[in-house]
């Protein structure tokens with residue numbers, strides 16, 4: 001895999017703290033879920049009255065979402081007395097009968113939720129909305145969302161790219177109806193249309209029609225649950241179709257759960273070193289894919305408990321290899337792969353072919369960078385095969401991918417001399433990561 005766009009990487013190397021064989025232990029409070037934060041923000045912008053989102057994630061992805069919604073006419077106001085990870089937010093929704101507006105531009109950055117969730121909202125806007133983002137975002141697939149909008153009668157201009165940049169010419173309304181898309185590349189294609197459907201003129205029936213299922217299905221269930229909690233008639237019709245009935249959405253007053261996917265690197269620190277790490281405020285029931293940590297980490301030999309909202313992981317003396325289907329929680333794969341590279345036995349990660357279309361081609365990136373540290377990793381049709389081998393230090397490139405950066409940090413706990421290029425890319429979903437990591441594991445590289 002080539003390292004395009006990484007000419008600056010050698011100038012920004014972060015020495016990953018090395019633990020010299022000592023266990024990592026501590027308690028880590030994790031900021032709010034990115035997936036929930038951005039869903040709540042979108043729904044609040046579509047509501048009929050102001051909303052309050054408590055303990056939202058403040059990161060590049062959520063800031064891009066806030067800016068996009070403000071561009072379309074919502075007002076987002078930080079409230080006083082911020083907590084440890086930033087202020088609560090008041091959202092005044094987009095006016096429904098706004099007059100035609102001058103052309104506007106939305107910067108998606110590298111945020112999948114922005115580039116996919118906001119175009120259907122732009123169709124409800126009156127006027128021209130241009131979308132673009134980072135260079136790396138221009139290779140992320142957008143076809144199913146744009147195709148779905150066209151089926152609904154929305155005028156979309158993309159010069160046949162099915163990717164950024166593109167233009168949506170909104171008329172202020174979308175009729176609704178039945179839409180069929182190929183959602184095998186991302187569950188976000190489904191969530192994008194379901195969220196906006198609360199403001200369509202008639203019900204939306206959305207069908208996935210392609211070989212194979214929809215990856216990361218818990219994220220679709222998360223979208224449905226967020227809609228239902230707001231009083232919307234939203235449901236799964238069958239394994240491949242969903243239905244949303246439009247209607248007024250009351251103002252939200254919600255508290256965002258901690259981001260359980262972002263809890264992963266801190267839990268992995270305990271697993272990799274035989275320590276004990278606790279995450280407070282872990283929900284008993286959740287639609288977050290990160291809740292799979294409760295089932296994944298014991299496969300490596302770790303002990304896990306969830307008592308009174310505190311999830312605690314104690315690592316084993318020796319990491320076992322694993323054989324895991326991660327189709328429902330692909331965002332956990334970089335952290336899991338880092339642990340597999342430290343395990344004493346072979347591992348196989350399956351069901352994650354769709355990661356080739358994430359912030360980077362994560363399968364190619366993981367195999368390239370792990371092998372660059374002496375690993376024995378092979379890409380398979382739908383995942384990775386990882387053999388045990390002795391690793392050595394070196395530069396771990398991140399490809400502007402936040403989860404690649406945290407994977408490199410995990411490896412550095414056990415492998416001296418690992419240098420992570422562009423640790424600042426963690427600002428995408430966890431700006432505080434370098435500080436939080438140093439507080440938990442120490443700062444010695």
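Using N, Cα and C of the backbone, Cβ positions are placed for all residues, glycine too.
Residue 331 (active site, proton acceptor) falls within a helix when secondary structure is assigned with DSSP. Cβ environment of residue 331 (active site, proton acceptor): 216, 261, 289, 290, 358, 403 lie under 8 Å away, each six or more residues apart in the same chain. Annotation source Swiss-Prot lists active site, proton acceptor at 331, citing sequence analysis.
The feature phosphoenolpyruvate binding site is assigned by Swiss-Prot to 34, 112, 140, 188, 362, 403, 428. Within 10 Å of the C-beta atom of residue 188 (phosphoenolpyruvate binding site) sit 26 other C-beta atoms, taking all shown protein chains into account.
The Cβ of residue 187 (3-phosphoshikimate binding site) has 26 neighbouring Cβ atoms from other residues within 10 Å, across all protein chains displayed. Here Swiss-Prot flags 34, 35, 39, 186, 187, 188, 216, 331, 358 as 3-phosphoshikimate binding site.
In sequence order, 140, 186, 188, 358, 359 are the residues of the chain that are 6 or more apart from residue 112 (phosphoenolpyruvate binding site) and have a CB within less than 8 Å of its CB. Burial estimate for the binding-site residues (34, 428): highest at 34, by number of other CB atoms within 10 Å. Non-local contacts of residue 362 (phosphoenolpyruvate binding site) by the CB criterion (under 8 A, 6+ apart in sequence, same chain) comprise 333, 334, 352, 355, 356, 401, 403, 404.
On the backbone, the CA of residue 428 (phosphoenolpyruvate binding site) and the CA of residue 39 (3-phosphoshikimate binding site) stand 16 Å apart. Listed in sequence order, 113, 117, 191, 195, 222, 223, 226 are the same-chain residues six or more apart from residue 39 (3-phosphoshikimate binding site) with CB atoms under 8 A from its CB. Annotation note: residue 428 (phosphoenolpyruvate binding site) sits in a helical segment as assigned by DSSP.
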